[in-house]
Amino acid sequence: MEKTVNQKAWFLVLPVLLLVAFSAVIPLMTVVNYSVQDTFGNNQFFWAGLEWFDEMLSSERMWNALSRQLLFSGIILAIEVPLGIFVALNMPKSGFWASVCLVLMSLPLLIPWNVVGTIWQIFGRVDIGLLGRTLAALGIDYNYTQDTFAAWVTIVVMDVWHWTSLVALLAYAGLKSIPDAYYQAAKIDQASRWKVFRYIELPKMMGVLMIAILLRFMDSFMIYTEPFVVTGGGPGNATTLLSIDLVKMALGQFDLGPAAAFSIMYFLVIMLISWVFYTVMTNLDKKGG
Amino acid sequence: MADATADIPGKLVAEGRNTRPRFRVNTRAVVMTLYLLFLMLPIYWLFNMSLKTNTEILNTFTLFPRDLTFDNYRTILTDPAWYMGYVNSMIYVVMNTVISLTVALPAAYAFSRYQFLGDKHLFFWLLTNRMAPPAVFALPFFQLYSSVGLFDTHIAVALAHCLFNVPLAVWILEGFMRGVPKEIDETAYIDGYGFGRFFVKIFMPLIASGIGVAAFFCFMFSWVELLLSRTLTTVDAKPIAAIMTRTQGASGIDWGVLAAAGILTIVPGALVIYFVRNYIAKGFALGRV
């Protein structure tokens, strides 16, 4: 749509600007403030320059948390995206059962995040959980509070359970926008199922898939509540992801300087990667019209 | 043969492309059944536990409650310390939805209709707030709201959640508004409508579904968030999700009540999901599908 140039439109945007400035810019400036200052208590601060950034960049703790985070986001993207597409391809296209699928699939998305954690914490427990009990009965040694591998499996499966439906719903929305004529043309050409997917469905889904990947990346990168409820970051530090570590540092130990420096770098990493996704996304948008 | 298979759920998927061989149709149904089973099992287990007594939970392992009891629900619904959590959550969630929509509506209109200095940057900047990890903002929010005397009030949580809900609402609404032809605005202005009257009387009814979807998503994201709402409250505005942790008493965890509280937090989402099922993908895609 052609848009008119109208600088007065700023007045319409002003309320949003003020509100977001209050709830985002002021807090962010506080963080910036802390990141360059040091204190001996009594609310007396003095300039520390980039000392905290230096300290954080050379601290093993942050790099470990970051690599765990990257591993976690990588694993869940590698599982959720293909699985989501697969589920979307198998969903009924219309009618009563399509509604049933949509409603049931959306359900996990609307559960408060700590309840998601609680559900899986209970589900996986060896004494009272269905999953834990079943695995134990099968003779598999599974205990997510002691064993690093089991803890990882639990939080990954939990995230897959929680968010695959999001990818599936978006892919499904993309699939539904494909006109029937495309499939008929493919049938005339006697295209195989794989070719139909590769040359018709996948390109048409690309736009929404990028959004799905962007969202899943962002949200998995800042995940806190769910794994915290299940494992508390343990055993040891095995599942201490970035946010868990940050909250520990800022609200637990009250190490304001390092925590603030950590925060800023954390935010920058998310913004950088998201910006790349966003640019790719808008370019796709333009190409697809 | 067609009649014989009429009752099988697999039949419905045949509607989409009805020339498939029969085994193919069944694969689809099997995939969906397995996936939905995977989604529902943990929730079922929580529900199952909420109807059991603690003795039964801890001592026997049963797939359905033998000794059916509603005491867990009764405990929650009669104890103010419990049910006030739901009331608190509801209050700040509704506040947040109202605030977010009020400021987002004019802004989304401006973005969808006008070009102005810095509009694209501003639009992306709004999105970056959706990327901000709540963990980064927890401490600054705590200090900000303490210093202005809003700590432990509903409005503090509502404002804090605006951080991610306002950008979300702007994006979703802008997506819906783009679909309304501009000629409608122009005709209305020619007919002598002022901006305010046009917006409320003509434009808002046109994008009613968009407003509904945006409201639903604000409601939902405010409802599921825990980290910020827990950090900003202690007693008076404590959300239900945070109260759930208090089941850890001296005598161990009260599993039954915990499960019942969990089930009750799923209910609000489950109730409204039916109405927005066809828009869920669009909402999650920030209005971009």
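Glycine residues also receive a Cβ, built from the backbone N, Cα and C atoms like all the rest.
All annotation found in TrEMBL is predicted automatically rather than curated by experts.
So that you can see what the record holds, here are the features copied from TrEMBL:
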- A:12-36: transmembrane segment (TRANSMEM)
- A:66-277: domain 'ABC transmembrane type-1' (DOMAIN)
- A:70-89: transmembrane segment (TRANSMEM)
- A:96-123: transmembrane segment (TRANSMEM)
- A:149-175: transmembrane segment (TRANSMEM)
- A:196-218: transmembrane segment (TRANSMEM)
- A:259-280: transmembrane segment (TRANSMEM)
Which residues of the chain, 6 or more past the ends of the transmembrane segment (A:196-218), have a CB below 8 A from one of its CBs? 73, 76-77, 80-81, 84-85, 89, 163, 166-167, 170-171, 173-175, 177-178, 182-183, 186, 270, 273-274, 277-278, 280-281, 284-285, 288
Mind pulling out the one from A:70-89, A:96-123, A:149-175, A:259-280 with the most Cβ pairs under 8 angstroms to the transmembrane segment (A:12-36)? A:259-280
Would you mind listing the long-range same-chain contacts of the transmembrane segment (A:70-89), meaning Cβ under 8 Å and 6+ residues beyond its ends? 105, 155-156, 159-160, 163-172, 174-175, 197, 201, 205, 209, 212-213, 216-217, 220-221, 223, 241
